[in-house]
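Participant: Pasting a structure here, questions to come.
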């Protein structure tokens with residue numbers, strides 16, 4: 001076999017993609033002595049290897065060739081250049097190119113390999129430099145290569161260089177075709193250079209190239225995006241007659257889509273009415289705005305665009321009217337139109353209309369999709385209509401449609417929230433019977449609902465049931481169980497569940513630890529709670545403000561206020577900033593521990609941080625100071641409540657405590673005069689509390705102080721008339737042994753009548 005024959009055989013095998021076979025025959029032919037490879041046969045092999053991107057083999061065979069003393073020529077280095085370019089090894093490719101240039105071997109083919117490769121790498125500027133160098137060497141790329149480069153430049157978002165290359169083609173007399181114009185116009189539209197795109201489109205038409213509907217559609221869409229509907233409409237008007245009816249409607253649809261995307265609902269509606277030839281106000285509107293005179297018959301997609309736009313802009317009734325017009329004019333609704341309308345009806349809780357439309361959809365021969373059914377299913381779930389939801393689930397099963405988990409989970413959560421956890425469980429059982437397995441989220445919600453109904457045994461039974469059926473409860477499910485057990489004092493049982501969770505590989509979260517700490521604190525096992533705090537920290541989980549607040553409250557509840565204060569300091573050192581709840585828990589806890597004076601310090605600190613305490617904090621301080629006989633402090637707290645307008649109403653559970661406090665203050669020598677002064681000054685809240693606990697004689701003496709002999713009517717600005725009115729209304733309660741009442745008009749008569757009424761008793 002001659003070296004030439006071997007080279008020819010290698011090329012033939014390479015053209016068939018048999019690269020490995022070509023390499024094997026090349027090596028074996030020389031090994032058994034059939035032939036001795038020469039430059040030509042090696043060049044053929046290098047060409048085959050380069051085209052299959054086997055750059056390592058190219059390098060190996062090139063080295064082997066040199067070792068045999070065979071020289072390299074243009075046909076040797078060209079495939080080597082191609083191999084390096086395909087492997088994106090720019091430095092090696094440039095080195096080979098320079099070697100070829102120095103030997104005068106650079107031609108159009110060599111430059112094309114390098115330019116196209118550099119372009120593919122995204123190095124557009126370098127590629128353009130190479131093109132200009134080629135021009136200097138009087139080497140021109142062929143039209144196919146130039147078209148390829150223009151496409152590549154546009155793909156790399158370098159429309160500027162693509163246009164420059166296009167200009168070079170035009171000047172050199174190359175034939176410019178529709179594809180070239182199309183890619184440039186599309187690229188200019190994407191870059192929002194619409195005027196250039198339109199100029200290029202006009203130039204293309206002037207050369208006699210027939211426009212493609214896609215080019216015009218892209219131009220219309222681009223102008224619509226920029227809000228230039230006048231130019232868009234002009235393009236529609238000028239171009240619609242150039243295409244078949246099916247193509248022409250695409251241009252109108254592009255305009256409709258543009259109007260819809262810009263939220264111009266009425267314009268879109270008017271335009272489709274115009275297309276339908278319906279006489280209405282919208283037609284004149286379309287004519288005046290767009291100056292369109294030529295009509296095409298709308299397609300189903302035209303109606304879909306406008307109906308979808310109307311639905312998205314809360315114009316469902318208008319969308320339904322347009323849908324009805326479709327039917328009257330002989331148009332058939334498609335699946336997307338039905339789905340859009342049914343979806344919007346269900347979103348607006350117009351379920352009956354949605355079901356009626358579903359019926360019409362089936363009658364028209366269209367089969368509902370999983371989306372259609374789930375729109376109805378979602379609405380039923382939002383209505384908490386369990387029986388109807390299960391009926392629909394049976395129908396969905398017949399269509400092999402899967403109910404969306406988000407809807408079934410939502411139904412379970414809503415039922416549980418409204419105290420219907422048993423009904424939620426029945427729904428889940430119904431889903432299972434129909435062959436649809438609810439997810440763990442739905443079951444977790446049901447378990448939580450059962451705990452809230454105090455159905456602890458049923459909650460645990462459901463958990464065990466789903467576990468036995470192969471469900472893998474997640475951390476949320478375990479946290480619900482732990483929380484429910486702790487809430488009912490079953491903390492040790494909760495701890496067992498926690499250990500079971502750990503054995504299954506689930507790691508506790510900060511919520512898990514907080515639940516357990518709270519559970520132990522509530523049963524006064526503060527030592528165990530602190531152990532869990534240590535486990536939490538050892539597990540590299542940072543305690544939160546909830547953790548610290550729970551422990552501080554627990555420590556105070558067991559009389560360990562010193563440890564609570566130490567924990568408070570530790571919390572602050574770790575950068576956990578106390579919030580309003582934490583302050584209130586600490587102050588209340590300190591008051592329980594008979595440390596109201598320390599609690600007052602934190603109360604002031606809380607106020608400095610502009611945190612507003614709840615009523616129970618004031619009441620805790622009042623109780624704390626009152627139990628120590630510090631009535632002046634009680635009086636100051638009471639005054640602050642009045643100033644901050646945090647005084648509770650009569651129905652409040654803390655109201656009796658304040659009555660008792662006022663009674664003690666009115667009886668104590670250090671504060672009784674202060675209480676009376678507040679009443680005389682017109683403090684309505686204290687007056688009422690005072691009257692709740694004070695005997696008739698004290699009331700009469702107080703009224704004497706309030707009503708000076710020269711006074712006719714108490715001054716409104718001091719609210720004395722309110723106090724006297726209260727005395728009048730409650731007088732029957734102050735008399736001993738009688739139910740007679742006294743009617744006194746404090747606003748119009750002499751206020752001495754109150755005093756006289758009391759004196760007669």
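Keep in mind that glycine also has a Cβ here, set from the backbone N, Cα and C atoms.
No curator has checked TrEMBL annotations; they are predicted automatically.
Pulled from TrEMBL, these are the listed features:
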{"type": "REPEAT", "residues": "38-72", "note": "repeat 'PPR'"}
{"type": "REPEAT", "residues": "73-107", "note": "repeat 'PPR'"}
{"type": "REPEAT", "residues": "142-176", "note": "repeat 'PPR'"}
{"type": "REPEAT", "residues": "177-211", "note": "repeat 'PPR'"}
{"type": "REPEAT", "residues": "299-333", "note": "repeat 'PPR'"}
{"type": "REPEAT", "residues": "334-368", "note": "repeat 'PPR'"}
{"type": "REPEAT", "residues": "369-403", "note": "repeat 'PPR'"}
{"type": "REPEAT", "residues": "439-473", "note": "repeat 'PPR'"}
{"type": "REPEAT", "residues": "509-543", "note": "repeat 'PPR'"}
{"type": "REPEAT", "residues": "544-578", "note": "repeat 'PPR'"}
{"type": "REPEAT", "residues": "579-613", "note": "repeat 'PPR'"}
{"type": "REPEAT", "residues": "614-648", "note": "repeat 'PPR'"}
Participant: Just to be sure I understand, if DSSP states are collapsed into helix, strand and coil, how many residues of the repeat 'PPR' (614-648) fall in each?
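Facilitator: Taking each residue of the repeat 'PPR' (614-648) in turn, the totals are 26 helix, 0 strand, 9 coil.
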Participant: Average pLDDT across the repeat 'PPR' (369-403)?
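Facilitator: Averaged over the repeat 'PPR' (369-403), per-residue pLDDT gives 94.
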Participant: Would you kindly list the residues that approach the repeat 'PPR' (177-211) from elsewhere in its chain, counting only those six or more residues past its ends and only Cβ-Cβ distances under 8 Å?
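Facilitator: Long-range Cβ neighbours of the repeat 'PPR' (177-211): 147, 150-151, 154, 157, 159, 162-163, 166, 169, 218-219, 221-223, 226, 228, 231, 239, 242.
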Participant: Residues of the same chain, at least six outside the repeat 'PPR' (509-543), with any C-beta under 8 angstroms of its C-beta?
Facilitator: 475, 478-479, 482-483, 485-487, 489, 491, 494-495, 498, 550-551, 553-555, 557-558, 560, 571, 574, 576
Participant: Determine which residues of the chain contact the repeat 'PPR' (544-578) at the Cβ level, with the cut-off under 8 Å and only residues 6 or more beyond its ends counted.
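Facilitator: For the repeat 'PPR' (544-578), the list is 510, 513-514, 517-518, 520-522, 524, 526, 529-530, 533, 536, 585-586, 588-590, 592-593, 595, 598.
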